[in-house]
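The feature domain 'Enolpyruvate transferase' is assigned by TrEMBL to 7-406. Look at TrEMBL and you will find Lys22, Asn23 tagged as phosphoenolpyruvate binding site. Look at TrEMBL and you will find Arg93, Arg122, Pro123, Ile124, Glu125, Gln126, Asp305, Ile327 tagged as UDP-N-acetyl-alpha-D-glucosamine binding site. As annotated by TrEMBL, 2-(S-cysteinyl)pyruvic acid O-phosphothioketal applies to Cys117. For Cys117, the entry in TrEMBL reads active site, proton donor.
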Amino acid sequence: MEKLHIRGNGPLNGEIRVSGAKNAALPILCASLLTADTLKLSNVPMLRDVSTTQKLLQGMGARVMTDNVHEVEITAAGINNLVAPYDLVKTMRASILVLGPTLARFGEATVSLPGGCAIGSRPIEQHIKGLVAMGAEVSIEHGYVKAQAKRLRGAKVVMDMVTVTGTENLLMAAVLAEGTTVLENAAREPEVTDLALCLNAMGAKISGIGSDRLVIEGVERLHGAEHAVMPDRIEAGTFLVAAAATRGHVVLRNAAPKSMEAVLDKLVETGAVVEAGDDWISLDMKRRPKAVNVRTLPYPAFPTDMQAQFMTLNAIADGAAMVTETIFENRFMHVPELNRMGANIETEGNTAVIKGVERLSGATVMATDLRASASLVIAGLVADGETIVDRIYHLDRGYEHIEKKLGAVGAHIERIS
Ligand SMILES: CC(=O)N[C@H]1[C@@H](OP(=O)(O)OP(=O)(O)OC[C@H]2O[C@@H](n3ccc(=O)[nH]c3=O)[C@H](O)[C@@H]2O)O[C@H](CO)[C@@H](O)[C@@H]1O
Ligand SMILES: C=C(OP(=O)(O)O)C(=O)O
């Protein structure tokens, strides 16, 4: 099994190109199921979750062409299987995103229930509630959710909580429904916006994009389109935290600073000098970071997917801070591992109290989810001695060649077997 070997060594310096966003690419790849024409995508990150989605679409009969340099063309003309099997769904919860588009175009879809994962129980009752409101018959059988509807009807759906993939599934269902759908309390995450823009380029009629009230006028059919996936704000944030923790100076290219204001503001609070243009961000950290309180909430507030990375930053910061996780009930799996590296973190319910220490010490660590793994990589960059991060298949789900990108700005990091 592959691992990352890291030797803590001084500041990161240089430029990094940010990849396309995993959480935008996955729903957009699934949106290809809504038309028999070709969807041409660029800036697609080459990640394990992207190849899993491609496998899922191919298994349903779609033709997927990829040049492995971030361009992918999908043609869902020959769909002959409306089932998303357990084997694939268990490796990637986002597989649930085929439910809405498959049902909308083919009148039927069967998707393995994703179940929980390391960070929480992650139910999907809001996805189902919305589809039922649009006239679908939904049953749960043998671990699969099975939905049927000759043609979905527009409906008003008020979501009980902000759910990102729930909003995306219902958006993709509604674009081919008969009549108008209104999604209230919709997620405003930039990745939802990117999906909506791609759907409109395919001929959908969605308004209210970027707000928590999406209005979708259903159309008979969608057509092919070209779309560039937005830059990954979580990958970008991870590199900025790594630069701040090592007291370095990095410039990110192909970034989307407008989508990450809460994170940039927090970095400024730590004492970093942050500058940004339309598609670049620079961060210069000349001092020991100051501890900052963090509370995760839906967009535009601070994202849960950056919580673990900021925990590491606080672990070596000047002062004490509180980190509160309000989105997922079990997203502190990195804490015991950071403490093994010498951090001083105590948790009580959904709050962690972190007292900054002068230094961490390298150790063999492992994480059970993606961003927890990223937080351990950052810890390894600032720790004395050697750190080995085990189980990096989690990292490979969401970071494209993280060791190459960090290596290029001066980190001593390599992939070993
Ligand atoms: C592929 C993708 O885009 N993943 C992102 C997406 O996950 P995902 O879309 O799965 O997360 P949600 O926004 O749905 O989850 C938010 C909260 O709502 C709960 N919930 C959700 C749906 C539902 O029907 N019932 C319910 O109770 C969840 O358990 C969680 O506590 O948004 C999360 C929150 O920003 C991010 O951390 C993930 O990186
Ligand atoms: C939680 C994440 O992803 P997923 O929803 O795919 O598990 C993440 O990207 O941090």
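Just so you know, glycine gets a Cβ as well, placed from its N, Cα and C.
Heads up, TrEMBL stuff is auto-annotated, nobody curated it.
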Q. Do any residues at least six apart in sequence from Arg93 (UDP-N-acetyl-alpha-D-glucosamine binding site), in the same chain, have a Cβ closer than 8 Å to its Cβ, and if so which, in order?
A. Pro114, Gly115, Cys117, Arg122, Thr165
Q: Determine, to the nearest whole angstrom, how far the Cα atom of Lys22 (phosphoenolpyruvate binding site) is from the Cα atom of Pro123 (UDP-N-acetyl-alpha-D-glucosamine binding site).
A: 21
Q) Between Asn23 (phosphoenolpyruvate binding site) and Asp305 (UDP-N-acetyl-alpha-D-glucosamine binding site), what is the CA-CA distance rounded to a whole number of Å? A) 11
Q | Per-residue pLDDT averaged over the domain 'Enolpyruvate transferase' (7-406), given as an integer | A | 97
**Q.** Cβ atoms near Arg122 (UDP-N-acetyl-alpha-D-glucosamine binding site) (within 10 Å, other residues, all chains)
**A.** 16
Q: Please go through the binding-site residues Arg122, Ile124, Glu125, Gln126, Asp305 one by one and keep those whose C-beta falls under 6 A from any atom of ligand 2; give the result in sequence order.
A: Asp305
Q: Would you mind sorting out which recorded positions among Lys22, Asn23, Cys117, Pro123, Ile124, Ile327 put a C-beta under 6 angstroms from ligand 1?
A: Asn23, Pro123, Ile124, Ile327
(Q) Let me check the 10 A CB neighbour count of Gln126 (UDP-N-acetyl-alpha-D-glucosamine binding site). How many other CB atoms are there? (A) 20
